[in-house]
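Shown next, in structure tokens, is the structure this report addresses.
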Amino acid sequence: MYSTGLVRWLVLAVVAVLPLVSALGLVPYPDQDPFYYPPSGWQNKKPGDILRSRKIQAASVGALKFNLNAWQLLYRSNSNTAHTPSYTITTVLVPHNANKKRLVTVSSPENSNWIRCAPSYAFRYSGVLELTNFEPRWEQMLYMLYLEEGWVVNAPDHEGPNSANAAGISGGHMVLDSMRATLNSKEIGMDKDAKLIGHGYSGGSIPNGWAAGLQSSYAPELNIVGWSLGGTASDPMMTLDFLDGSATAALSLIGAVGLVDGYHDELYDLFNNQIWTDEGKRAVWTAHHACVYEMVFLFMNQVIQSPKYIKGGKNFSDYPQVAKITNKLTMGTNPKYVPRKPVFMFHAAYDEEIVWYQANNTAVAWCEQGANIRFLTETNKALNHVVTYLLNLPYIMEYMRDRFAGKSYYNGGCQFDSMSEYPLFDTSVLGDRFKEILQITLDLLGKEIGPNDSIYRAKLANHQNPNKVGIIHPSGMKSTTITPGEGGNDSPASKIVRKTGKASSGNSSTESTSKNQTQSGGDTTNIDQYSADGKGAGQGNN
């Protein structure tokens, strides 16, 4: 019996490899578009400085025009250190009647090693239905929720010019510098004191999580009011191991290739001369010439860490140079990089792609280092990786509205909850906001995008502030705030699960199990359902 997650990958992978339609040359690919290449002297600019700017017709799946204003900015940034010049592009969507004091930056789960899979290219209108490179395209449809609020949306190509997937620190720099660039754009005209929120799910959680940790030292001037992270892939080695041999084994290969692309000087010779077999090198070439769904189709259930692809069938963690970098890129291990603004994290206990342990470990580590976090575990067994994202959209929206409104977030402490409900269809949570979700359909069919719609007018007629929550009620979500350092079953330390073996990548030495308690009702749910050890664990929910 296939899980809905696997069906999603199967269907979209088949669609991706069918030559149904193409852009017919109407929009040049990024590697053939001069806009993607910086002018001479760009290295001397400051991070966030705009190098090129253009107005575009934004669209979904190539053919469904967005009825709003959109710009693309080529801007100066940095790669994996704060002093290593790089550059990338961001796409900025400005709805009608926009509130220029609100900016939501979304890190798309690109999950690819090819520049032609970049979100910026997926935003372009070609006039032809395009079903390839669907990974960033499907999430773009969700941006309507933010745009209907009147918020400006900023979507950077966080993998940069080398398409360095999962490179962590590099992506964090590019996310923060995309905010700077958006604020610097005179054409867009953002308020210089605009409130900023960063959001990222799955592959997008990596650059977004690193942006959260880097912000206080790298971009302290930005008026960040919150970060939203879901399905957080916070431990690179655990992710590589967990996915290997599963239906989405391609993501393990893509992640390894991304590490090499992001840390070329440190890892390229090692991988090219000592790690990859000839078949492995062919797989790397394929990764550099395909988007994620094609890759999933081609490498389904393949064991990457095997003699077929790696000399001697070794594991990535067997190489100290690799383990050193993945340890460095594990969120929560360095006290220098801790979020200093409120963070909302949510994760499915039965996530078949990104194991729950790593996200929980990071939340606990950050909490113990003074972060302000709410970590929500979804315990319903029907909630897989993608469904968890979709069904938590009301909570994401509620969180963002509250942050923009300046509300306190658990008194600056930490909160660890679990729940089993389907939040999207819980009327006590969603209420009339279901009507607003229906607006997405109209938006994609060409309706003028922005808060000047029937719901907006109805709120005004009822003397409601359309920019306040007022409708969503977080029933079943309230529980006692947990402060780092408290003892007993309610302390963050009791919630952590550290696994030994290959998947731990040497980041943890203590093996334990944990029960995540729903504090509002007192019930307990055993989260220790997956073993993070061994290859092929990602198939556990299929």
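We number each residue from 1, going along the chain as drawn.
Even glycines carry a Cβ here, placed using N, Cα and C.
Values in this document were obtained by computation on a predicted structure and should not be read as measured data.
Looking up N360, N489 in Swiss-Prot, the residue bearing an annotation of N-linked glycosylation site is N360. Here Swiss-Prot annotates a disulfide bond for C291; of C117, C414, the partner residue is C117. For S202 (active site, nucleophile), the nearest neighbour among the listed recorded positions (C117, C291, N315, H385), judged by C-alpha distance, is H385.
Residue with the densest Cβ environment among the disulfide-bonded residues C117, C291: C117, by other Cβ atoms within 10 Å.
By the criterion of other Cβ atoms within 10 Å of the residue's own Cβ, the least surrounded of the recorded positions S202, N315 is N315. Geometry remark: C291 (disulfide bond) versus D351 (active site), CA distance 22 Å. For D351 (active site), the nearest neighbour among the listed recorded positions (C117, N315, N360, H385), judged by C-alpha distance, is H385. For H385 (active site), the nearest of the recorded positions C117, N315, N360 in terms of C-alpha separation is N360.
A straight line from the CA of N315 (N-linked glycosylation site) to the CA of N360 (N-linked glycosylation site) spans 24 Å.
Neighbour density for H385 (active site): within 10 A of its CB lie 25 other CB atoms from the protein chains shown.
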